[in-house]
Amino acid sequence: MTAQPQVLTIRRPDDWHVHLRDGDMLKTVVPYTSETYGRAIVMPNLAPPVTTVEAAIAYRQRILDAVPEHHAFEPLMTCYLTDTLDADELERGFQQGVFTAAKLYPANATTNSSHGVTSVDNIMTVLERMEKLGMPLLVHGEVTHSEVDIFDREARFIETVMEPLRKRLQGLKVVFEHITTKDAADYVREGNSLLGATITPQHLMFNRNHMLAGGIRPHLYCLPILKRNVHQQALRELVASGCERVFLGTDSAPHARHRKETSCGCAGCFNAPSALGAYATVFEEMNALAHFEAFASLNGPGFYGLPVNEGTVTLVREESVMPETIAIADDTLVPFLAGEAVRWTVKR
């Protein structure tokens with residue numbers, strides 16, 4: 001029997017999907033990401049959303065101002081697609097190195113997405129420009145029609161939006177973000193080199209029973225919502241397979257405690273403090289630690305055409321307990337796995 005590893009040292013990872021928010025929240029959460037990750041794809045769903053080059057430059061500076069001096073961190077900015085976005089503005093930002101990618105939110109799919117796209121037909125000119133530029137399209141893959149069950153919205157999106165779009169624009173580079181279903185796992189596995197995907201730690205570790213059975217756990221509520229066990233298992237098998245087009249994207253999405261623990265709570269898990277160790281735990285459980293570094297540190301840069309990070313990060317098998325809360329201004333955050341023992345800890 002092979003002895004359990006006590007230390008994991010990997011090339012410094014990146015987070016290919018994170019929400020850093022703004023204001024006091026941004027100042028609180030940025031260090032949790034910048035401490036561990038060399039780069040992060042920053043979501044643009046502020047209020048108002050990031051739709052111009054100038055707004056992205058200003059937001060990037062606010063992020064950098066919140067990075068502790070001893071952290072080496074590069075925020076990679078994204079443009080929020082709307083029905084009326086100017087393709088020339090998008091191209092200008094991409095050519096100037098301000099925008100790394102553009103984000104497609106179906107209108108009202110998640111937090112601050114009311115400005116999102118009502119139909120991909122409305123942004124076809126923009127998407128054609130992105131295809132020409134080789135600019136990645138990041139997709140929140142859910143339909144938002146009220147008659148479609150919330151647990152079916154990702155599968156329906158593949159059928160009615162994603163596949164028709166990729167057939168129409170066959171040179172478009174697409175990241176299917178935070179996939180949650182066997183349908184999506186199969187779709188990505190069978191896809192070509194222009195289709196990538198991110199997966200969150202919560203969707204690998206938990207299913208809807210964990211969120212709903214024996215009491216509602218609002219801090220596991222995120223969008224896309226946790227699915228049944230068969231889907232969780234499909235995601236775990238996908239990462240364990242070593243698929244080179246699947247990479248780390250935490251979708252860390254902080255909300256103040258009072259906005260989660262309420263009669264109509266917000267969607268999102270603040271997992272930045274524990275995500276890397278959580279991923280390592282899943283890979284170990286799947287006997288797939290041989291693929292952990294690629295998932296965390298190599299596959300994302302490979303898909304985006306960027307160099308891998310210099311330096312390394314070390315995780316140690318050292319059980320620690322996640323704090324119950326994290327202070328923010330005059331409120332608190334409840335982190336993912338709050339109060340729970342975690343198996344792998346990033347060595348500081």
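The chain as shown is numbered from 1 upward.
Using N, Cα and C of the backbone, Cβ positions are placed for all residues, glycine too.
Copied over from Swiss-Prot, here are the features:
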- D251: active site (ACT_SITE)
- H17, H19, K103, D251: Zn(2+) 1 binding site (BINDING)
- H19, L20, R21, N45, H140, L223, H255, A267: substrate binding site (BINDING)
- K103, H140, H178: Zn(2+) 2 binding site (BINDING)
- K103: N6-carboxylysine (MOD_RES)
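Distribution of Swiss-Prot features across the structure.
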{"residue": "H17", "record": "Zn(2+) 1 binding site", "Cβ within 10 Å": "26"}
{"residue": "H19", "record": "Zn(2+) 1 binding site", "Cβ within 10 Å": "26"}
{"residue": "L20", "record": "substrate binding site", "Cβ within 10 Å": "26"}
{"residue": "N45", "record": "substrate binding site", "Cβ within 10 Å": "23"}
{"residue": "K103", "record": "Zn(2+) 1 binding site", "Cβ within 10 Å": "27"}
{"residue": "H140", "record": "substrate binding site", "Cβ within 10 Å": "25"}
{"residue": "H178", "record": "Zn(2+) 2 binding site", "Cβ within 10 Å": "26"}
{"residue": "D251", "record": "active site", "Cβ within 10 Å": "27"}
{"residue": "H255", "record": "substrate binding site", "Cβ within 10 Å": "25"}
{"residue": "A267", "record": "substrate binding site", "Cβ within 10 Å": "16"}
Quick one: Cα separation, H19 (Zn(2+) 1 binding site) versus H140 (substrate binding site), in Å? 13
Among the binding-site residues R21, L223, whose Cβ has the fewest other Cβ atoms within 10 Å? L223
Which secondary structure state does DSSP assign to R21 (substrate binding site), in the simple three-class scheme? coil
Pop the Cα-Cα gap between H17 (Zn(2+) 1 binding site) and H178 (Zn(2+) 2 binding site) into the table, whole Å please. 8
Nearest recorded site to N45 (substrate binding site) by CA-CA distance, among recorded positions H17, K103, D251: K103
Just give me the nearest neighbour of the residue listed as 'active site' among the binding-site residues H17, L20, R21, K103, Cα to Cα. H17
From the Cα of K103 (Zn(2+) 1 binding site) across to the Cα of L20 (substrate binding site), what is the distance in angstrom? 15
Cβ within 8 angstroms of the Cβ centroid of K103, H140, H178: which residues besides those meet this for the Zn(2+) 2 site? H17, M43, L104, Y105, A109, T110, L138, V139, G141, E177, D251
